[in-house]
Amino acid sequence: MHFHERFDVIVVGGGHAGTEAALAAARMGSKTLLLTHNLDTLGQMSCNPAIGGIGKGHLVKEIDALGGAMAIATDYAGIQFRTLNSSKGPAVRATRAQADRALYRQKIQNILQNQANLRIFQQAVDDLVVDNDRVVGVVTQMGLAFEAPAVVLTAGTFLSGKIHIGLENYSGGRAGDPPSIALAHRLRELPIRVGRLKTGTPPRIDANTIDFTQMTEQKGDTPLPVMSFMGDVSHHPKQISCWITHTNEKTHDIIRGGLDRSPMYSGVIEGIGPRYCPSIEDKIHRFSDKSSHQIFIEPEGLNTNEIYPNGISTSLPFDVQLNLVRSIQGMENAEIVRPGYAIEYDYFDPRDLKNSLETKTINGLFFAGQINGTTGYEEAGAQGLLAGMNAALQVQGKEAWCPRRDEAYIGVLVDDLSTLGTKEPYRMFTSRAEYRLLLREDNADLRLTAKGRELGLVDDARWASFSEKMESIELELQRLRSQWIHPNSPLVPVLNPHLNTPISREASFEELLRRPEMDYSKLMQIEGFGPGLADPLAAEQVQIQVKYSGYIQRQQEEINKAVRNENTGLPLNLDYKEVPGLSNEVIAKLNSHKPETIGQASRISGITPAAISILLVHLKKRGLLRKSA
């Protein structure tokens, strides 16, 4: 049975990757279908009710700069906002928001329902239709076939998902949802390497049974940050506190006593869990010298009594979970409303993907999110946007696009995955980016919005706002460079009290701002130097560009050197055994990874600069040197 309409792009899955993928393809004018097993769970926050953080906030800002929905939904759902690393340099500052689950889901669903070119349909997908190594559609659980030349799979943890609580386990995509068994079996027939990963979630606690007076209150920031470049503080709902408590030796003894019934430590779970978000069992085992671990007590929303205890993800049996929770200060009488659990699921080796997130073996088939071995809403959303965009570009007969490592954290994410692969759930950190001074949260729109407009991702309202911001920044920078103060100026007596060293020679306003003791806000408040920019984001940009100009310029010079051969393309059908001078190890690694560019090849472990030189000579001799997009 065939559906009565044909589509350009089909997106399978309605989580964070799927929603961004569907919205991106539709924004670009492609007739898009989003298939989900349950319309009510579109945009669901399956684990932690929070968006952003170190590295992750950078991804959210980049999604936003390209017209995505995640940051906007966070501004409407965020019940506590904080800027992490606020005392450090701008490269590692990151926005994090605690979100109301219900409000977030409602906003995402509202955005989806109002998106032109997007159809949403409730049906689980069981099969792919492939013809001559090209995807041509999907078949749902009830045998309904949908046709499209491009399909984006965002199956999350649903592929052969298995939920573990103690030594009990059952099939599930997440608590309360069925797994995708038939689709998982179909995907295992494809020539793509497959593995198993696991992730987990903590028990949810009834807030009415917690004694918050025994915990440390953690308030949000003042003034309140916003997540979206189009956001406003007025969009935020009521703001509330989170709380901090700690495990103790009694907690650790309870956990150790239950390890014989832990699926992780009894060999029941084979999948590898996230290194940077370990279960409490893992923490006790790996950090046995620590007598306590911090727990963030995070409300799940304004109209629910559920609390998310961030830091005690566990798959221990329920009785052990209850005892360990009640051993924690402030939770002596706590009641669990949902048990914690681990979930094991299929993922596919991202080295079998192009950097467009299209599979190398099946044309038109794109993967995004946890199916590629990542963990986190933000990582999923970034991949979804990229995959949806490239699916639309392909249907429109245009070249694929992916930002380079020096252009976006999205570029770092995709390059790491497609070049190096991953054996554990991959999480983004600022430390993964070698050019992080240029990849800041504050300039994500400056880096990406113009490209997003060119690709058709950015609407008129965002473009107008961005253009106005760019113009005001440029005009203010010109003003600061062109206005000067002389030692005998009447402004000097007003200015000198604010300086560590009094003015002794002619100086531009820009030079004054570059002084360590001066900032933009302070300078603009001094009579004769203001009023300056009213837009705080534009003002922040002016300050950073002036104060860090030397460092930024040096990093840009490094990038210019590095990209010389970065985009030199490598034929996917090149047999590296035919390249004279390469060692057997290098040949094996290159034939296994099949890198798309010289840049990707150079980042594969064990590939030496000498091997890269040999490759370049070989390509030149055979007239194969080409530059990719």
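Each residue, glycine too, has its Cβ placed from N, Cα and C.
Site annotation (Swiss-Prot, ligand FAD) includes G13, G14, G15, H16, A17, G18, V125, S180; from Q370, Q394, Q396, the additional listed residue is Q370.
Residue pair G273 (NAD(+) binding site) / V125 (FAD binding site) shows a Cα separation of 27 Å. Cα separation, K283 (NAD(+) binding site) to G15 (FAD binding site), rounded: 29 Å. Looking at V125 (FAD binding site) and R275 (NAD(+) binding site), their Cα atoms lie 31 Å from each other. Least packed by the Cβ count within 10 Å, out of the binding-site residues S279, Q370, is S279. Straight-line distance linking the Cα atoms of A17 (FAD binding site) and C277 (NAD(+) binding site), rounded to a whole number, equals 20 Å. In the structure shown, across all protein chains, V125 is the one of the binding-site residues V125, C277 with the greatest number of other Cβ atoms within 10 Å. Cα to Cα, G15 (FAD binding site) and C277 (NAD(+) binding site) are separated by 20 Å. Every protein chain shown contributes to the tally, and the Cβ of E281 (NAD(+) binding site) ends up with 26 other Cβ atoms within 10 Å.
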